[in-house]
Amino acid sequence: MSRARNHLRAALSLAAASARGVTTQVAAQRGLSAWPVPQEPSMEYQDAVRMLNTLQTNAGYLEQVKRQRGDPQTQLEAMELYLARSGLQVEDLDRLNIIHVTGTKGKGSTCAFTECILRSYGLKTGFFSSPHLVQVRERIRINGQPISPELFTKYFWRLYHRLEETKDGSCVSMPPYFRFLTLMAFHVFLQEKVDLAVVEVGIGGAYDCTNIIRKPVVCGVSSLGIDHTSLLGDTVEKIAWQKGGIFKRGVPAFTVLQPEGPLAVLRDRAQQISCPLYLCPTLEALEEGGPPLALGLEGEHQRSNAALALQLAHCWLQRQDRHGAGELKASRPGLLWQLPLAPVFQPTSHMRLGLRNTEWPGRTQVLRRGPLTWYLDGAHTPSSVQACVRWFRQALQGRERPSGSGPEVRVLLFNATGDRDPAALLKLLQPCQFDYAVFCPNLTEVSSTGNADQQNFTVTLDQVLLRCLEHQQHWNHLDKEQASPDLWSAPSPEPGGPTSLLLAPHPPHTCSTSSLVFSCISHALQWISQGRDPVFQPPTPPKGLLTHPVAHSGASVLHEAAAIHVLVTGSLHLVGGVLKLLEPALSQ
């Protein structure tokens with residue numbers, strides 16, 4: 001595997017060198033100071049991202065994590081050391097007025113709501129989130145917008161040089177990818193003098209590198225569920241313990257209604273360190289006596305995230321003594337697992353405006369393009385996929401009926417990564433009654449060397465394609481009663497032509513006529529859209545795209561359909577790749 005990674009990295013370096021007319025590998029071997037300055041400004045950002053990507057596979061760090069996994073204090077101390085080497089101390093982070101948010105599902109949406117609410121008050125906001133969808137600079141936002149390529153480049157090289165200058169024999173010179181970006185976000189927010197920073201936890205809480213934050217203004221925990229079990233534990237109670245690790249003594253924290261077990265764990269964690277923990281009232285309770293709250297994000301599950309965001313913003317305003325918000329007081333003693341209920345208040349006009357204006361791409365997002373409607377949601381846990389299914393089915397019920405005479409076709413575009421259980425996720429998607437299920441890796445093109453933001457060195461192409469074939473097998477097993485084995489036969493590769501544009505399925509008796517595997521997102525979208533999306537107009541489809549019988553017959557159905565409804569889910573990275581192709585402006 002390491003040899004394959006080296007080949008990928010070598011190919012990437014050579015491609016970049018040829019584009020700039022320099023030998024990047026040689027420069028990298030001579031050290032950062034010898035890295036050539038690109039002649040074109042547009043290349044400078046890509047160079048920074050390429051260098052950042054080399055931190056994805058820091059073998060020394062991976063070994064360090066294995067040794068330290070059982071000792072979170074050691075991991076946090078390592079992060080504090082990186083912070084100190086970068087020129088900051090943990091005390092400096094106290095000046096950021098941080099809102100720290102964790103959870104299994106909805107924590108990104110909660111952060112987006114919170115940031116937009118507080119921005120509507122005229123405050124200068126910082127926002128750190130993960131992962132990115134199209135460009136890595138999306139992870140660090142100021143006033144709701146990703147920092148510019150120029151700003152990203154400036155802060156990246158400043159931090160990189162500083163860490164290079166302060167390395168010694170006793171430490172790894174560079175932190176891995178996510179830790180580097182976390183450090184960079186802190187520097188950006190301090191230097192750009194934001195009024196507050198909304199910081200989304202990466203994974204878990206107690207062990208997460210963002211948890212070097214010592215004095216947040218307020219903390220939040222969104223809905224809990226099962227995810228990242230290899231790191232966080234295999235029960236929701238164990239995961240709740242990890243999430244509660246962001247609680248700090250005397251710092252108010254809020255959570256939404258959770259199952260009894262994990263809620264009790266959060267309560268106990270809070271009580272042990274004297275953290276005042278409150279249970280959020282529902283959005284309905286806050287709407288009493290006033291007009292309904294309009295949300296910028298679709299889906300019934302977003303109401304829970306919005307309710308949490310309102311409490312976080314309300315508490316932040318109180319703690320900062322801004323706008324006469326007053327002191328935080330529970331609305332009444334809690335009877336539910338001894339948790340007090342957070343205040344019930346009338347949302348202000350600024351809060352209403354913030355909720356209505358919130359945008360968070362890739363989460364319950366709809367793009368309507370002629371006969372095609374794309375439904376994009378990066379759900380990747382059982383509970384979030386269930387919420388996604390409810391949203392998708394409700395959206396279909398409320399749709400306008402097409403005027404054309406052709407059929408309506410439903411297509412699933414799916415991928416899952418990490419330690420998720422794809423069979424369980426796919427089973428939850430069955431009630432949507434898709435006509436076709438399409439699987440592909442999180443790669444926009446077969447070769448992603450043209451865009452550093454989309455590169456991933458942690459897996460090989462063979463690995464991700466095999467995983468897609470496994471997803472197809474799971475789907476076919478769930479859908480085997482609809483299989484038509486007679487249609488399946490391996491495509492005959494054309495002499496000298498590509499053979500992996502559309503991957504052949506496994507043995508005929510396991511296959512359903514409704515599932516296909518493509519080698520990249522671009523090829524999957526070309527097949528699904530059939531040239532009928534007015535924005536996504538790729539060049540002539542590559543040879544071999546329709547050699548498979550199901551691909552050929554399905555193309556005819558899609559070409560004649562009066563409406564095509566496409567649900568893209570299972571992975572935020574997949575959604576990001578789709579958005580990159582459907583919304584070219586996001587790459588500008």
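Cβ from N, Cα, C; glycine included.
TrEMBL labels come from automatic prediction, so no person has curated them.
Taking a C-beta cut-off of under 8 Å and a sequence gap of six or more, GLU200 (Mg(2+) 1 binding site) has these contacts in its own chain: VAL101, THR102, LYS107, GLY108, CYS111, PHE128, SER129, SER130, THR210. Positions annotated as Mg(2+) 1 binding site by TrEMBL: SER130, GLU200.
Residues or ranges marked as Mg(2+) 2 binding site by TrEMBL: HIS228.
The ATP binding site annotation in TrEMBL covers ARG363, ASP377. Other C-beta atoms found within 10 angstroms of the C-beta of ASP377 (ATP binding site) number 25, with every protein chain shown included.
Summary for the binding-site residues SER130, ARG363: the Cβ-based neighbour count within 10 Å is maximal at ARG363.
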